[in-house]
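Visitor: Sharing the features that TrEMBL gives for it:
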type	residues	note
TRANSMEM	12-35	transmembrane segment
TRANSMEM	41-68	transmembrane segment
TRANSMEM	80-97	transmembrane segment
TRANSMEM	109-136	transmembrane segment
TRANSMEM	156-175	transmembrane segment
TRANSMEM	181-203	transmembrane segment
TRANSMEM	224-246	transmembrane segment
TRANSMEM	266-287	transmembrane segment
TRANSMEM	299-318	transmembrane segment
TRANSMEM	324-350	transmembrane segment
TRANSMEM	371-395	transmembrane segment
TRANSMEM	407-431	transmembrane segment
Amino acid sequence: MAEKLKASVINLFCIGEMGFSIMMAVAVNYYAYFLTDVARIGAATVGTILLIARIADAVSVPIVGGLIEKSNMKWGKYRSWILICPFSTAILFILMFTNLNMTVGAKAIFLGTAYVLAHVSVNFAWSAYVALIPVLANDPVDRVRLSSRRAQTTSIAQIIFGLIAMPLIIALGAGNEAKGFLLTIIIFTILQVLGYRLVAHIIKPFDAGPRPESKKETITLKDMLIQVFTNPPLLVLMLVESLRFTSRWALLGFAVYYFKYVARNMLLVSAFFPIVNIAGLLGAIFGELIARKIPKKTTYIIGVATETICLLLAWLFARDAITFIVLCAIATFGVYIDQSIQAALFADTVEYAEWKTGKNARALIMAMSALPIKIGVALAGAVNGFALAAIGYVANVQPTAELSRGISTIATFVPGIFGALALVTVLFYPLKEERVNQIRIEIQARRSPTF
């Protein structure tokens with residue numbers, strides 16, 4: 001029986017991701033706003049920039065996963081990327097939030113390029129990080145513990161972000177939003193570097209240096225493609241997650257517009273994010289508790305159903321800011337129920353692929369867990385950008401009643417529809433707990449003669 005993973009390893013491994021989560025929250029929640037209201041790029045152009053940039057970002061995910069899978073550097077197969085890439089990520093994220101004095105067209109190209117390069121760099125470190133999850137946690141109970149703890153520390157990071165991000169931007173900017181965003185992202189990128197250094201220290205006993213690989217163990221490009229495209233559980237899970245993340249990012253990316261043009265109180269942003277993320281923390285804790293008692297698929301359905309129902313209720317009833325915040329908080333509770341088991345579900349698809357093909361490409365498949373996030377961000381950013389243009393949005397102009405209604409609808413109904421699609425799609429996820437356990441036993445039986 002595999003030795004249980006120490007709680008200290010789980011906790012520090014997950015805490016190390018918090019700096020990254022805080023840094024990414026700025027890009028996810030504020031980048032569209034930065035482009036429209038700080039860089040003063042038109043809403044339709046912003047939608048186009050974000051769509052193209054995020055598609056390029058998404059395309060890089062399987063490429064990055066494949067490169068990591070083929071790599072074998074001296075500081076560890078996965079650990080090496082965690083040591084190197086956070087520094088390039090920091091530089092490129094700072095460029096993403098640099099509002100240079102240039103023409104709108106040149107600025108759009110510059111910021112779009114910086115976005116793509118920054119997120120490719122992000123993908124290397126983060127993909128290596130998540131590839132370590134099945135390395136650290138071989139036991140199914142440990143996987144749920146690790147997955148749940150990640151969701152909990154991520155929600156804590158989001159709480160911290162919600163409490164400090166906008167006050168920092170306002171205080172450091174002193175009336176200059178561009179300066180405020182730039183100085184804030186510098187601080188958060190430093191936190192990202194420090195967090196990943198902690199992770200690199202914690203994982204050293206598990207991934208210390210180059211691994212001798214036999215010819216039998218070599219993974220080819222063909223093997224990688226087979227691992228993905230003959231893996232129905234992975235494909236269904238990726239589709240479900242893409243829809244779920246589109247719903248999530250559409251809501252969060254539009255929240256700042258809701259509070260500026262519907263609630264007309266930007267200070268409520270500093271209340272909104274902590275409240276919804278405290279709800280997320282509670283959801284992650286609740287998700288871990290119920291995942292011990294019921295199947296992961298059932299747990300997931302409960303989470304996505306909660307999110308969808310609350311978003312559609314918000315569309316019907318949330319004309320005032322308090323109701324909006326409460327319903328978004330309950331929706332986020334549901335989001336983090338799902339988040340608490342997400343990594344465990346992807347780790348199950350790694351084992352399914354190994355059982356089916358006889359080869360292990362954990363870095364590639366775990367890296368693919370980032371693709372739904374990228375797709376969700378791309379779709380949400382494009383939908384939000386084009387929706388703003390469709391309702392006649394102009395930055396910093398007094399909103400009409402019609403514009404306010406349009407923004408309220410985009411902030412709630414659109415995410416609710418994507419949530420409903422995710423709820424229907426997850427019903428087709430084929431891996432049951434009994435099947436996963438049987439697959440795990442068969443894999444161990446195959447491995448045992450070689451040890």
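FYI, residue positions are counted from 1 along the chain as it appears here.
Even glycines carry a Cβ here, placed using N, Cα and C.
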Visitor: Mind checking which residues reach the transmembrane segment (80-97)? Cβ under 8 Å, same chain, six or more beyond either end.
Guide: 20, 23, 26-27, 31, 34, 68, 71, 73-74, 111, 114-115, 117-118, 121-122, 124-125, 127-129, 181-182, 184-186, 188-190, 192-193, 196-197, 199-200, 203
Visitor: May I ask which of the stretches 12-35, 41-68, 156-175, 224-246, 324-350 has the most CB pairs under 8 A with the transmembrane segment (407-431)?
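Guide: Highest pair count goes to 224-246.
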Visitor: Looking at the stretches 12-35, 181-203, 224-246, 324-350, which one shares the most CB pairs under 8 Å with the transmembrane segment (156-175)?
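Guide: Answer is 12-35, with the largest number of Cβ pairs below 8 Å.
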Visitor: Among 12-35, 41-68, 109-136, 324-350, point out the range having the most Cβ pairs under 8 angstroms from the transmembrane segment (181-203).
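Guide: Out of the listed stretches, 12-35 contacts the transmembrane segment (181-203) most.
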Visitor: Under 8 Å for C-beta pairs, could you tell me which stretch among 41-68, 224-246, 324-350 has the largest tally with the transmembrane segment (109-136)?
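Guide: It is 41-68, which has the most Cβ pairs under 8 Å.
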Visitor: What residues in the same chain, six or more past the boundaries of the transmembrane segment (224-246), come closer than 8 Å to it by Cβ-Cβ distance?
Guide: 62, 65-66, 69, 300, 304, 307, 335, 338, 342, 345-346, 348-349, 352-353, 356-357, 359, 361, 364-365, 368-369, 371-373, 375-377, 379-380, 383, 415, 418-419, 421-422, 425-426, 428-431
